Amino acid sequence: MSTILKSLPKGENVGIAFSGGLDTSAALLWMKQKGARVFAYTANLGQPDEADYDEIPRKALEFGAEKARLVDCRTQLVHEGIAAIQSGAFHVSTGGIAYFNTTPLGRAVTGTMLVSAMKEDGVNIWGDGSTYKGNDIERFYRYGLLTNPELRIYKPWLDQQFIDELGGRAEMSAFMTAHGFAYKMSAEKAYSTDSNILGATHEAKDLEHLDSGIKIVNPIMGVPFWRDDCAVKAEKVSVRFEEGQPVALNGQTFTDPVALFLEANTIGGRHGLGMSDQIENRIIEAKSRGIYEAPAMALLHIAYERLVTGIHNEDTIEQYRISGMRLGRLLYQGRWFDSQALMLRETAQRWVARAITGEVTLELRRGNDYSILNTESPNLTYAPERLSMEKVEDAAFTPGDRIGQLTMRNLDISDTRRKLNLYTQTGLLSAEQGSHIPRLDNDKS
């Protein structure tokens, strides 16, 4: 049996993820008038651009909802954000600057917590505003059915009758006004924005064109650090972790992780830390472009990785990075709670994060420009005396030890020389005239 409904199920309970914006307001009123019993659910994700969360359910009731609930998702979202930092679950980056998967993390929490609330109310049909070209339609589909296997999906934006009657924002605004709800369309921005406490995503419209850059974006979590008239002063910041958990900023201890994230957002946001411009592959393999903000995630990630490199050995760090790339893709695809993701995540949290105790001090400047000033941890395996260029007592190894180690390298050096000679004989390599360095025959550089 198909779980996707192509037309409105009249007379049935239908839940809608309600944002209070024009689209979901018009959809709620339209579904009510067409005979559905509409239940509205709003996720409080700590969106930085939302002024009054309590007003949103009240609006839903005015528009005809049978019931309207505000579901506080902030603690769970911050918990998942910290888990992503602990496991390095970030696979998209440009020039070493990462996208922190803040929207995929938000969808994982929204999709599970709202559907759980619907299930409590006897609502087994869910609608949201995701379009068929994006990632969210699949993320919400997966998380919804994981939470409630009896769930069916109804999306007004996939219903041809809804599209014919209310196909655009102008039609929606006129529809609301005609039914006694004065609803002015907000000024049209050059891009769309989606946000939560972990970060903000700016995409679509003008940002679909690669010759429109970050300068057209008005940050909602930071400052336009690229502007000459934007004053940004250098700031010294300390971040402390205990067994992988961020616990203190600038010496202030936080027992509430949400409060810590809000403060980290404020600190990082003063500098525009964590803003990035990324080209990525959507789930359906088409490329899209987004400009992202994530000041707290960036600040915590920098400090966490500094401790990782000072505490763990090379092979552990390699596995952490490789597994993190894979886990980041799974998160992006809406598979954050799949078994293969849980396996990678739990491994990093247990064997990497548990050792991460210490404090990192940074100097933040403009954007992603920063310096690390100090790194302290009782678990550091960094020991400068081991490699000191000065004469030290009780050295970890002697010149004679190194001679023996280098002599052992003769084995693999000899093997490598034989392979290079073999490749030259078969024509795979050729010696550059006047040089003893072999080159690939097809290397025209």
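Each Cβ is built from the backbone N, Cα and C atoms, and glycine gets one as well.
Worth saying up front: this structure is predicted, and the values here are computed from it rather than measured.
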According to Swiss-Prot, ALA17, PHE18, SER19, GLY20, GLY21, LEU22, ASP23, THR24, SER25, ALA43, GLY129, THR131, ASP136 bind ATP; so which of ASP159, ASP164, ASP194 is the extra one listed there?
ASP194
Among TYR53, TYR99, TYR320, TYR370 - the residue Swiss-Prot places in the same L-citrulline site as ASN135, ARG139, SER192, THR201, GLU203, GLU280:
TYR99
Quick one: Cα separation, GLU203 (L-citrulline binding site) versus SER19 (ATP binding site), in Å?
18
Around the L-aspartate site formed by THR131, ASN135, ASP136, which additional residues qualify by having Cβ within 8 Å of the site's Cβ center?
SER130, TYR132, LYS133, GLY134, ILE137, GLU138, ARG139, PHE140
Does DSSP put ARG139 (L-citrulline binding site) in a helix, in a strand, or in coil?
helix
Could you round the CA separation between GLY21 (ATP binding site) and THR201 (L-citrulline binding site) to a whole angstrom and send it over?
17
Would you find the one among the binding-site residues ASP23, ASP136, GLU280 whose Cβ has the most company, meaning other Cβ atoms within 10 Å?
ASP136
Rounded to a whole angstrom, what is the C-alpha distance between SER25 (ATP binding site) and THR131 (L-aspartate binding site)?
17
Residue from TYR99, THR131, GLU280 whose C-alpha is spatially nearest that of ASP23 (ATP binding site), among the binding-site residues:
THR131
